Amino acid sequence: MENKEAGTPPPIPSREGRLQPTLLLATLSAAFGSAFQYGYNLSVVNTPHKVGTSCGWGNILQVFKSFYNETYFERHATFMDGKLMLLLWSCTVSMFPLGGLLGSLVVGLLVDSCGRKGTLLINNIFAIVPTILMGVSKVAKAFELIIFSRVVLGVCAGISYSALPMYLGELAPKNLRGLLGTMTEVFVIIGVFLAQIFSLQVILGNPEGWPVLLALTGVPALLQLLTLPFFPESPRYSLIQKGDEAAARQALRRLRGHMDLEAEVEDMRAEAQAERAEGHLSVLRLCALQSLRWQLLSIIVLMAGQQLSGINAINYYADTIYASAGVEAAYSQYVTVGSGVVNIVMTLTSAVLVERLGRRRLLLAGYGICGSACLVLTVVLLFQNKLSELSYLGIICVFAYIAGHSIGPSPVPSVVRTEIFLQSSRRAAFMVDGAVHWLTNFIVGFLFPSIQEAIGAYSFIIFAGICLLTAVYIYMVIPETKGKTFVEINRIFAKRNRVKLPEEKKEETIDAGPPTLSPAKETLF
């Protein structure tokens, strides 16, 4: 027995990454200080509830507009007319996605020059400064400070929405990349939900509390500034872009614990070799490069589909649907809180399932549920006046749509967009990705009221069609990336792009002797 035990080999370090305390805390610090702010600022003034309700979120709109009107009266001794009020409030809401677009265009420069973690830390400037400005806007009697701050907060959101998934995706081992990648959307949804809660009239949605309501966005920024510096920079950034293997290994030891690091380091070396072969890509070169054609088209489809699949329309119609089911205006806010709970629960469910079921299944299931809910909701809105019982089915459709969007179209693209690009092209890809996200966000907000006025409930048929087309593209083009390294995913897309990677060309040259001019074998894509 003793000899047998003496001959037992020492335990082999695990190759499967675990959620070590350092990795968990780094994720919480980064996501709470970045994605949470995006969700909070998106929701805090941009609410679907109708102006004029006796309480709830409709009241918070009246609070802000009263401040605008009173300030204008003190300056000009007259109240502003309805058109000017509409213009100023539209600017207040729409400046956020405009700032997001600006942020998405500068994020590439920041993540390369300052690193992923450094970018997130610098980005807190764009949260703290507007926090101060909005907090003093009432005392200063200047609603212009709110409008300007919304632009700056949009820049903050645009930077964080690209830099955060990049940072988390590069920190995570391949078997946890899906879980950590969905944390971007998880914290966005938590931010939206808490903004809805704090905006209630009994909490901060009142004339005395609204400056605090707006200034709360500075709290996550301060917490991130105090905590994130103690966590490591992305090891992939350190090794591949800075050439500092010692720093990368040190970061990996903190993030992985006793896991065997050699395979991951070797994967980074292979990616560094691929980057040297490709060179550093600009956005223009990314768009022209055949070897990245399907990856680029895929992130455009995923981000456009996420925004154009009808989530804003569902929010817009929610109050009408609740009212038709007999829910009084005073209580519709609590029904919306319930939908927010569904949103959080299903997003967390997606985070758990993404490494078990894979990215494709969640995306396809989510778009299937959303498309079906849109079709049924069209029928409900058209015939509920003739058959009142249909109105209850409308509430079910709203909750079903939110659940479907939360399990796939909302969280999963943040995972996939990190996985399908190597380090050399990730910066430019995220600039395109962010631009598409914010442009489609702005387009939906700008065009939907006109579409709704023109065709009413039939607008949901358009959204159902977009859900279908996006699902077909995902099924036909996007591969399952669960459990694969970045290099392995790159090889899959190389076949679909009908190109050969540099190492494959080198192997063919060695095996075949003198080079030949035979064309590459074609694939389905």
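Any Cβ shown, glycine's included, is placed from N, Cα and C.
If you look up TrEMBL, you'll see 21-40 (among others) marked as transmembrane segment.
Taken from TrEMBL, the feature domain 'Major facilitator superfamily (MFS) profile' applies to 27-482.
According to TrEMBL, the transmembrane segment annotation covers 86-111 (among others).
The annotation transmembrane segment is assigned in TrEMBL to 118-136 (among others).
If one looks beyond the transmembrane segment (142-164) by at least 6 residues along the same chain, the residues whose Cβ comes under 8 Å of a Cβ in the stretch are 30-31, 34-35, 37-38, 41-42, 45, 64, 67-68, 71, 88, 91-93, 95-107, 110-111, 116, 119-120, 123-124, 126-127, 129-131, 133-134, 136, 184, 214, 217, 430-431, 433-434, 437-438. The transmembrane segment annotation in TrEMBL covers 142-164 (among others).
Residues annotated as transmembrane segment in TrEMBL: 176-198 (among others).
Summarising the annotation, TrEMBL assigns transmembrane segment to 210-231 (among others). Distant neighbours of the transmembrane segment (210-231): 22, 25-26, 29-30, 32-34, 36-37, 40-41, 44, 60, 63-64, 67, 117, 120-121, 124, 127-128, 130-132, 134-138, 146, 149, 153, 198-199, 204; these residues of the same chain sit at least 6 beyond its ends, with a Cβ under 8 Å from one of its Cβ atoms.
According to TrEMBL, the feature transmembrane segment maps to 294-314 (among others). Sequence-distant contacts of the transmembrane segment (294-314) (same chain, six or more residues past either end, CB-CB distance under 8 Å): 286-287, 363, 367, 370-371, 374, 377, 398, 401-402, 405, 409-410, 413, 416-417, 420-421, 425, 429, 432-433, 436-437, 440-441, 443-445, 448, 452, 459-460, 463-464, 466-467, 469-470, 473-474, 477-478, 493, 496-497, 525.
What TrEMBL lists as transmembrane segment is 334-355 (among others).
Here TrEMBL flags 362-384 (among others) as transmembrane segment.
According to TrEMBL, the transmembrane segment annotation covers 390-407 (among others).
The annotation transmembrane segment is assigned in TrEMBL to 428-449 (among others).
Residues 294, 297-298, 301-302, 305, 308-310, 313, 359-360, 363-364, 367-368, 370-372, 374-375, 377-378, 381-382, 409, 416, 420, 448, 496, 525 of the same chain lie 6 or more positions beyond the ends of the transmembrane segment (455-478) yet place their CB under 8 Å from a CB of it. The transmembrane segment feature in TrEMBL is assigned to 455-478 (among others).
Taken from TrEMBL, the feature region 'Disordered' covers 504-525.
Note on the transmembrane segment (390-407): residues 189, 309-311, 314, 317-318, 321-322, 324-326, 335, 338-339, 342-344, 346-347, 349-350, 353, 362, 365-370, 372-374, 376-377, 379-381, 383-384 of its chain, located 6 or more positions outside it, place their CB under 8 angstroms from a CB of the stretch. Confidence in the domain 'Major facilitator superfamily (MFS) profile' (27-482), given as mean pLDDT, stands at 86.
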